[in-house]
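S.K.: What follows is a single structure, and I will ask about it in a moment.
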Amino acid sequence: MGLMKGKRGIIFGVANDRSIAWSIAEVCKREGAEIGITYLGEAMAKRVVPLGEKLGAAFTLSCDATDDAEIQAVIDASAEIWDGIDFIVHSVAYAKKEELKGKFYDTSKEGFQLAMTASVYTLISICRIAEPRLTDGAGILTMSYLGAERVMPHYNVMGVAKAALEASVRYLAVDMGQRGIRVNGISAGPIRTLAAAGISDFKEILNWNRDNAPMRRNISQQEVGESSLLFLSDMGSGVTGEIMHVDAGYHVVGMRAVDE
Ligand code: NAD
């Protein structure tokens, strides 16, 4: 315990208590971190502001991460209470529901741009805008999915966005590495959350993963939270540009041998 003692960080992307961002916030808090959380737009305030209070968050702010001025406002708010930022979590993604079904080639140009802007460019903006306030050795973490590497049913434009996100992690790792700042990602297995609800037949994906993963189960938000400690604490001080799968091993499976 106490792995995050003395660390101060911002967690972007809390929608509710099922959000991966929320589990990461809870785990980091338990380990001694001071945390600011953000949510998208005032419509979410009703749910997220009480969560911030429950957590004892240093601040709970609305932030549309597609707007650089709103990111800057969050960074400025942190500067009023902290003399630096030790970690950032980017747990933000969006695609229009109609893009998450049917044929990938039917993705509209507008839907493509929206998914890339909200799910990828937001990480790039956050890194650039936060950089002057980041402490040496700070940890940045984003959330990806196996759809970046392989075709997953209905994941479509989000798969392409996650591939771009994972490539961005590597480029950002180079941009930010000189001060020991690390940029990494977790490729999480499927979890029932608000974002996942937008993917057609998501239940099928959950069942398939459960039945075929080496560990024969799905993972929880809490497990992603616990794994995030590797990248956000000093345990991962030598790790950057990495995407770690937290998926009960599903990514290693081609066709599972019949063993029953
Ligand atoms: P979630 O809906 O709880 O979180 C997604 C968050 O993105 C929400 O808080 C939403 O408000 C925020 N967001 C969307 N557009 C935004 C914008 N313009 N500015 C700021 N915030 C914005 O769902 P989640 O499953 O916890 O998703 C978190 C991350 O984990 C996403 O990147 C998602 O792709 C990734 N992920 C999820 C799963 C899964 O199965 N749930 C698996 C792998 C990766």
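Glycine is treated like the rest: Cβ placed from N, Cα and C.
Those TrEMBL annotations? Automatic predictions, nothing curated.
Values in this document were obtained by computation on a predicted structure and should not be read as measured data.
Not my notes, these are from TrEMBL:
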- G13, S19, I20, V92, K162, I191, R192, T193, L194, A195: NAD(+) binding site (BINDING)
- A95: substrate binding site (BINDING)
- Y145: active site, proton acceptor (ACT_SITE)
- Y155: active site, proton acceptor (ACT_SITE)
S.K.: Do me a favour and check the Cα-Cα span between R192 (NAD(+) binding site) and Y155 (active site, proton acceptor); whole Å is fine.
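M.R.: Here the two Cα atoms are 15 Å apart.
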S.K.: Sequence gap of 6 or more, C-beta under 8 Å: which same-chain residues meet both conditions with respect to I20 (NAD(+) binding site)?
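M.R.: Expected: G13, S91, M143, A188, I191, T193, Q221, V224, G225.
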S.K.: Taking the residues the record says bind NAD(+) (G13, S19, I20, V92, K162, I191, R192, T193, L194, A195), how far apart in Å are the two Cα atoms that sit farthest from each other?
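M.R.: The NAD(+)-binding residues span at most 18 Å between Cα atoms.
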S.K.: Count the other Cβ atoms sitting within 10 Å of the Cβ of K162 (NAD(+) binding site), across every protein chain shown.
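M.R.: Counting Cβ neighbours of K162 (NAD(+) binding site) within 10 Å gives 27.
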S.K.: Where ligand 1 binds, which of the recorded positions I20, Y155, R192 are close by, with Cβ under 6 Å?
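M.R.: Checking each Cβ against ligand 1, the ones under 6 Å are I20.
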S.K.: Reported as an integer number of Å, what is the Cα distance between L194 (NAD(+) binding site) and the residue listed as 'substrate binding site'?
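M.R.: Checking the Cα atoms of L194 (NAD(+) binding site) and the residue listed as 'substrate binding site' gives a distance of 12 Å.
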S.K.: Please report the distance from the Cα of Y155 (active site, proton acceptor) to the Cα of K162 (NAD(+) binding site), rounded to the nearest angstrom.
M.R.: 10
S.K.: Have a look at the binding-site residues (A95, L194) and report the one with the fewest Cβ neighbours inside 10 Å.
M.R.: L194
S.K.: According to DSSP, which kind of secondary structure is Y155 (active site, proton acceptor) found in, if we only use helix, strand and coil?
M.R.: coil
S.K.: Where's the emptiest Cβ shell within 10 Å among the recorded positions G13, Y145, Y155, R192?
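M.R.: If we count Cβ atoms within 10 Å for the recorded positions G13, Y145, Y155, R192, the smallest count is at R192.
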S.K.: Tell me the Cα distance separating K162 (NAD(+) binding site) from the residue listed as 'substrate binding site', rounded to the nearest angstrom.
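M.R.: K162 (NAD(+) binding site) has its Cα 11 Å from the Cα of the residue listed as 'substrate binding site'.
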